[in-house]
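Lifted from Swiss-Prot, the feature list:
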type	residues	note
BINDING	22, 80, 119, 446	(6S)-5-formyl-5,6,7,8-tetrahydrofolate binding site
BINDING	225-230, 244-250, 269-272	GTP binding site
BINDING	225, 244, 246, 249	K(+) binding site
BINDING	229, 250	Mg(2+) binding site
DOMAIN	215-370	domain 'TrmE-type G'
């Protein structure tokens with residue numbers, strides 16, 4: 001990929017026990033020899049070495065490991081220097097490697113070299129980047145599977161099947177006087193339908209399980225002053241939202257994150273739903289309705305101490321119409337007061353101030369999220385991957401009619417485009433701008 005030898009600090013900035021400086025390229029071993037004053041490094045063996053600056057002054061005592069090409073992350077010669085942590089030592093060693101001829105790596109350049117040198121495919125690169133940023137055990141487990149190559153195997157199987165089908169068409173085009181036999185057309189149609197079913201299952205499962213990756217979005221919905229902000233604070237276990245007896249205190253949506261079990265949830269406290277008294281409140285209520293549409297789970301909160309009125313009925317009807325197949329938890333708050341709100345369909349009774357019933361509500365949320373993690377279907381982890389699968393499906397759909405009409409050149413064109421789209425999940429050779437953008441989001445030492 002490049003004749004440059006690059007260097008960067010691979011660990012996070014800050015105070016710590018250990019920092020790692022990574023060097024990759026043809027001159028990596030030469031630079032390691034210059035900064036250690038040692039000539040012999042056995043590949044993949046840790047060597048305790050003194051590290052010297054450009055003028056021969058001792059910087060630190062460190063562990064130096066040499067990975068000989070192609071048996072390294074980048075498939076180039078790589079040297080990793082494990083020194084004492086902190087700002088000064090690591091920066092001094094990095095500066096010395098640059099003075100000896102290395103270039104400071106750009107963001108994600110080590111991973112980009114690994115990609116272009118065939119050590120990783122693009123799906124694995126995406127998994128690495130997202131694993132570093134993972135905020136829950138759910139996401140980490142999914143990403144670990146993708147790093148092992150599960151998505152790559154799936155993509156290559158789909159691609160190979162499409163190429164196999166395309167071969168029949170290409171042969172018939174070469175012998176233009178001959179149509180595909182009817183029984184072969186039926187076999188191809190059946191195979192394309194089978195591939196469509198597989199891709200649709202993957203697409204649907206990925207969208208349904210998006211909460212495992214991004215965090216499950218939970219919207220708290222209800223009339224003003226039923227305790228939505230208090231419930232948000234109780235779930236977070238600290239006071240995030242202002243709580244007041246004045247109806248309409250929350251005039252906009254508030255979103256916060258919290259872990260429940262192995263899951264990350266994004267809780268949205270919404271403005272109370274009622275007839276708006278001013279423009280600002282109207283906008284807040286509109287955003288509350290948007291929160292229902294965008295959420296994975298809805299908590300519908302009602303005041304047990306008040307008789308159900310027209311607004312309560314409206315909220316129940318609204319949630320039923322907007323929530324669709326989403327999980328909805330109906331909750332009565334203020335059960336310490338005389339109960340006047342009678343609805344047998346409400347599953348949970350809570351008193352937020354004493355936290356009575358809150359633990360049961362949290363367990364119900366956890367159970368819903370656990371159920372989302374039971375699918376064995378392949379998981380797509382980015383909008384780029386989802387878009388590629390959707391485009392593949394579109395081209396397969398476009399191929400059926402020309403196949404039936406024996407318009408084989410059009411059929412072949414659509415199949416070729418489908419092959420390009422599915423292959424782009426692991427190796428999009430022709431989109432340098434997209435690659436630069438993706439690898440540029442990595443940290444410097446990755």
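Glycine is treated like the rest: Cβ placed from N, Cα and C.
Features per Swiss-Prot, on structure.
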residue : record                                              : DSSP (3 states)
22      : (6S)-5-formyl-5,6,7,8-tetrahydrofolate binding site : strand
80      : (6S)-5-formyl-5,6,7,8-tetrahydrofolate binding site : strand
119     : (6S)-5-formyl-5,6,7,8-tetrahydrofolate binding site : coil
225     : GTP binding site                                    : coil
Cβ neighbours of residue 80 ((6S)-5-formyl-5,6,7,8-tetrahydrofolate binding site) where a neighbour is any other Cβ within 10 Å: 22
Residue 229 (Mg(2+) binding site) versus residue 22 ((6S)-5-formyl-5,6,7,8-tetrahydrofolate binding site) - Cα distance in angstrom: 48
Alpha-carbon distance [residue 119 ((6S)-5-formyl-5,6,7,8-tetrahydrofolate binding site); residue 229 (Mg(2+) binding site)] in Å: 50
Cβ-Cβ distance under 8 Å to residue 119 ((6S)-5-formyl-5,6,7,8-tetrahydrofolate binding site), same chain, at least six residues away: 70, 73, 74, 75
Count of other CB atoms lying within 10 Å of the CB belonging to residue 22 ((6S)-5-formyl-5,6,7,8-tetrahydrofolate binding site): 26
Rounded inter-Cα distance in Å - residue 80 ((6S)-5-formyl-5,6,7,8-tetrahydrofolate binding site), residue 225 (GTP binding site): 59
Lowest local Cβ density among 225, 229, which the record lists as binding-site residues, within 10 Å: 225
Neighbour tally for residue 228 (GTP binding site), based on other Cβ positions within 10 Å of its Cβ: 30
Mean predicted confidence [pLDDT] for the domain 'TrmE-type G' (215-370): 72
